[in-house]
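Take a look at the structure below.
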Amino acid sequence: MPNPSSTSSPYPLPEEIRNLLADVETFVADILKGENLSKKAKEKRESLIKKIKDVKSIYLQEFRDKGDAEDGEEYDDPFAGPPDTISLASERYDKDDEATSDGAQFPPIAAQDLPFVLKAGYLEKRRKDHSFLGFEWQKRWCALSKTVFYYYGSDKDKQQKGEFAIDGYSVRMNNALRKDGKKDCCFEISAPDKRIYQFTAASPKDAEEWVQQLKFVLQDMESDIIPEDYDERGELYDDVDHPLPISNLPTSSQPIDDEIYEELPEEEEDSAPVKVVEQRKMGQDSVHHTSGDKSTDYANFYQGLWDCTGAFSDELSFKRGDVIYILSKEYNRYGWWVGEMKGAIGLVPKAYIMEMYDI
């Protein structure tokens, strides 16, 4: 029998065989990875790996050509090496295409250390190289941190497998990526002249949530105008990076009785802000603690996300990391709460603070 390693086939590999090998590879390198196998099962696994290696050696040129034509990337052989190195070979296969499409590089960071995570969870990520013998979809723990999309092998990883800045991209649902029961769970992130990233979520609802969160951040990046995101009551949420200044706060959703305020035509532009400030100050006179016992009221302890300097005397100024105790959320609809810090009481932009305790 000729040595497979020295034999090359003049015929292309049939699609049915490619599909079969892909299924076997998935089972051997992915499903059985890390399983506590019996001695007999381990021997069978090694036998299957050897057979796949033999087939690869016969169709080596075709395999390489397909990989180069599709992605222009070098493919890492998942089964290189003797059988006793199978775990290392499988890990090499799991290594994703980590280079970013635009050449930008981000420092390694552990999944648990990502700051300001807006959305996170497990997704199936489509491989850039998903040709013959390659897993088309791989499970990845993904996170949107500020304006960078990271993906990891798991949420315990100390370093990302890849990442990309979403600036300039667009996102949409795409049910044409798969033909199975998950076709309505797919979405893609794309941009002209850049790599397309395609994902499958656990459910259509989860996919929609990813799309909406990405769209919200992208809209915020494209304009200095705060995107309007309404909750069920139709109230406005303030954008994190651009809180509403006092002078631009809406006065009220209800019409204001003209008899309360005297009309001053020459000061018409300033009349609305004065009313809002008066309303805030009147409400602040009756500020009360949100809980009876401050020492155990952990839910109302917050800390500064960024440095904030108050524009008015009734606003608190604080630094990133400062501890603020929230006394009242009376102005929640305007994006402001009433807080106390080091004995001083004042208005705090809620977009500039985060919960101190995870309750």
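In case you wondered, yes, glycine gets a Cβ from its N, Cα and C as well.
Keep in mind that this is a model prediction, so the values were computed, not measured.
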Out of 67-88, 265-286, let me know the one Swiss-Prot marks region 'Disordered'.
67-88
Spatial separation of Y197 (phosphotyrosine) from Y151 (phosphotyrosine) - C-alpha basis, Å:
11
Nonlocal residues around Y197 (phosphotyrosine), in sequence order (Cβ under 8 Å, 6 or more apart):
K125, R126, F149, F164, E188, I189, S190
